[in-house]
Amino acid sequence: MEHLFDYVGHFGRFQAYLYFASAFQTISCGIHYLASVFIAVTPKFICRAPGNISTVLLPNASTLRLEDAWESWTSKDYLVVQQENGDIWELNQCSRLKREDASYLTYFYDGNKTLFSCSNGYHYDKSNLESSIVTEWDLVCDREWLAKLIQPIFMLGVLIGAVIFGDIADRVGRRPIIWITSTGQFLFGIAVAFTFDYYSFVIVRFLLAMVSSGYYVVVFVYLTEYVGIKARTWASMHVHAFFAVGVMIVSLVGFLVRTWWIYQIILSLTTLPFVLCCWMLPETPFWLYSQGKYKEVEKLIRTIEKWNKISTPCKLSELCPAQETHVDQPNTLKNHNVLDLFYNWSFARRTITVWLIWFTGSLGYYVFALNSVNLGGNEYLNLFLTGAVEIPSYIVACLGMDKIGRRNTLAPFLIISAVICGVIMLIPQDHSTVTIAMSMAGKFSIAVAFGLIYLYTAELYPTIVRSLAVGSGSMMCRIGSVVAPFCVYLTDVWIFMPQMLVGIMAFLTGILTLTLPETLGIPLTSTMEEAAEMGTTSGITKRKALTESNGVVMEKLDQTTDNAAS
């Protein structure tokens with residue numbers, strides 16, 4: 001089927017329409033993946049007094065309104081409040097004390113006090129945020145752990161959705177799954193805003209994660225099956241750029257809308273335009289051909305010819321001769337499992353390194369993104385910048401891997417990101433502008449590495465286990481995204497703990513990456529023996545001579561990008 005693009009064009013008008021229409025929907029994936037940054041915000045809070053407050057005392061000030069005290073109050077202090085009935089309370093974040101003697105009002109008091117729990121709820125600072133799920137369901141103090149599980153549970157849904165929908169799409173086609181998942185994104189996205197308690201919120205968000213991940217996986221395959229080999233690298237890489245646009249939209253909507261359920265509805269409406277037109281998308285020619293639906297392939301070719309203004313009709317039999325079907329090939333691909341990735345010590349070392357790259361890339365990506373709101377300065381601008389720096393990073397990744405090689409681009413940027421993490425740890429905490437700038441540089445570096453690992457993994461393994469290699473690497477990627485929120489929560493232990501963990505992982509992984517063979521200009525391997533020889537002078541020379549004698553420049557990456565998103 002690859003010859004089809006030599007005839008109709010590798011990225012003609014028809015492909016451009018499908019590409020931008022389908023890639024547009026990946027914006028919503030970026031939105032939902034990071035929406036919790038502002039949905040689950042914990043503002044300043046303090047235990048609620050049982051009645052109406054008439055006076056508020058701070059260590060060095062007094063006011064009549066609690067709203068006026070938030071700016072001066074810090075969590076290490078308690079508030080002294082006098083109620084309209086004369087009772088005096090000392091309010092902490094997770095407890096409150098009632099003074100026995102209410103005859104005089106002072107901040108400091110050495111008399112008897114009675115300890116009470118926060119059974120009346122909490123006061124929240126609403127100066128910058130009207131509501132979040134934390135304020136809605138009091139996810140603080142002994143319920144704080146529930147708030148911290150929101151993003152990991154979502155990422156677990158991402159992992160499961162990628163596995164389930166990727167497999168179903170191979171069985172029933174890409175188009176039905178695109179319909180189901182994009183519609184699911186809209187419906188579940190809206191439903192999240194109307195959940196009635198924490199548990200219903202988490203369940204619906206989990207389902208939203210599954211369909212969002214399913215769409216992202218399948219649309220990646222869908223688009224690469226419509227783009228010819230000459231444009232496939234750039235086209236597949238820049239699907240990620242649409243995801244980055246979604247991250248920027250999250251920051252913009254979060255800045256404008258401070259009520260969590262309205263914020264969620266507005267973000268979910270970005271899905272609606274695609275839902276209304278996704279039924280018009282055709283099935284891919286690769287999947288139709290693999291299912292023996294040749295008449296539908298012929299019909300699709302006629303449509304592409306019309307859109308791309310191809311004047312000379314061509315038959316499917318001319319593009320795909322019978323001898324290219326390789327009827328016996330599938331039987332050779334069924335007997336392999338993940339243990340084959342540990343074929344020998346050399347392969348085991350290669351696989352462990354590749355898995356570490358996937359894990360570290362995902363870990364660093366989400367740590368930089370999720371932690372951006374903790375850097376100081378304007379948290380909305382910080383998140384916007386983390387999305388904005390991704391777009392040029394993919395351009396650099398494309399240029400680098402085509403000019404200096406995959407390994408020679410990947411390893412330096414991993415090491416650079418590690419160095420940047422170290423530099424961030426040395427910056428004084430009052431220099432927030434410098435910290436933000438270095439964090440953006442770190443996000444840029446890790447995004448370069450994360451962007452090209454899909455293709456590099458496929459090139460490192462032979463045809464018989466290539467799907468397994470990319471699929472298992474993708475699984476490590478999802479695990480990294482589940483772990484990332486917990487790393488960010490370690491700022492409670494030490495503010496630079498996330499950067500330290502990412503820095504250590506990136507440095508070790510970058511060094512190990514240097515032990516991998518370079519694949520730029522090297523034909524794809526078909527057997528374990530050929531792949532094992534990759535990187536040796538004799539192996540490269542022998543295989544280059546073989547491909548040149550057959551008049552082949554490089555084996556097409558037909559199934560590489562299909563499995564890259566699995």
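Each residue, glycine too, has its Cβ placed from N, Cα and C.
Here is what Swiss-Prot records for this protein:
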TRANSMEM  20-40  transmembrane segment
CARBOHYD  ASN52  N-linked glycosylation site
CARBOHYD  ASN60  N-linked glycosylation site
CARBOHYD  ASN112  N-linked glycosylation site
TRANSMEM  149-169  transmembrane segment
TRANSMEM  176-196  transmembrane segment
TRANSMEM  201-221  transmembrane segment
TRANSMEM  237-257  transmembrane segment
TRANSMEM  261-281  transmembrane segment
CARBOHYD  ASN344  N-linked glycosylation site
TRANSMEM  351-371  transmembrane segment
TRANSMEM  381-401  transmembrane segment
TRANSMEM  408-428  transmembrane segment
TRANSMEM  436-456  transmembrane segment
TRANSMEM  468-488  transmembrane segment
TRANSMEM  493-513  transmembrane segment
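Positions of Swiss-Prot features highlighted on the structure.
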residue : record                      : Cβ contacts under 8 Å, 6 or more apart
ASN52   : N-linked glycosylation site : GLN83, GLU84
ASN60   : N-linked glycosylation site : SER72
ASN112  : N-linked glycosylation site : ARG99, GLU100, ASP101
ASN344  : N-linked glycosylation site : ALA532
Note to self: Same chain only, please: residues at least 6 beyond the ends of the transmembrane segment (468-488) with a C-beta under 8 Å from a C-beta of the stretch. Say none if there are none.
What the structure shows: 148, 151-152, 155-156, 158-159, 162-163, 336-338, 340-341, 351, 354-363, 365-367, 370-371, 374, 453-454, 457-458, 460-461, 497-498, 501-502, 560, 563-566
Check: Would the transmembrane segment (176-196) count as touching the transmembrane segment (20-40), if touching means at least three Cβ pairs under 8 Å and pairs must be 6 or more apart in sequence?
Finding: yes
Next item on the list: Please indicate, using numbers and ranges, the residues of the same chain that are 6 or more beyond the transmembrane segment (149-169) and have a C-beta under 8 Å from a C-beta there.
Entry: 33, 36, 39-40, 133, 177, 181, 201-202, 205-218, 221, 366, 370, 474-475, 478-479, 481-482, 484-486, 565-566
Checklist line | Contact ranking winner - 20-40, 201-221, 237-257, 436-456, 493-513 against the transmembrane segment (408-428), Cβ under 8 Å | finding: 493-513
Margin query: Is it true that the transmembrane segment (351-371) and the transmembrane segment (436-456) have 3 or more CB pairs under 8 Å, sequence gap of 6 or more?
Written below: yes
Notebook entry, point to check: Which bits of the chain, at least 6 residues beyond where the transmembrane segment (20-40) starts or stops, bring a Cβ under 8 A of a Cβ in it?
Noted result: 132-134, 139, 147, 150-151, 154, 158, 178, 182, 185, 189, 205, 208-209, 212-213, 215-216, 219, 222-223, 238-239, 242-247, 249-250, 254, 260, 263-264, 267-268, 270-271, 273-274, 277-278, 281, 369-370, 373, 383, 387
Checklist line | Stretch with greatest number of CB pairs under 8 Å, the transmembrane segment (436-456) reference, 201-221, 237-257, 261-281, 381-401 candidates | finding: 381-401
Item checked: Positions whose Cβ lies under 8 angstroms from the transmembrane segment (381-401), at least six residues beyond its ends -> 30, 34, 37, 233-234, 237-238, 240-241, 243-248, 250-252, 254, 368-369, 372-373, 375, 408-410, 436, 439-441, 443-445, 447-449, 451-452, 455-456, 520
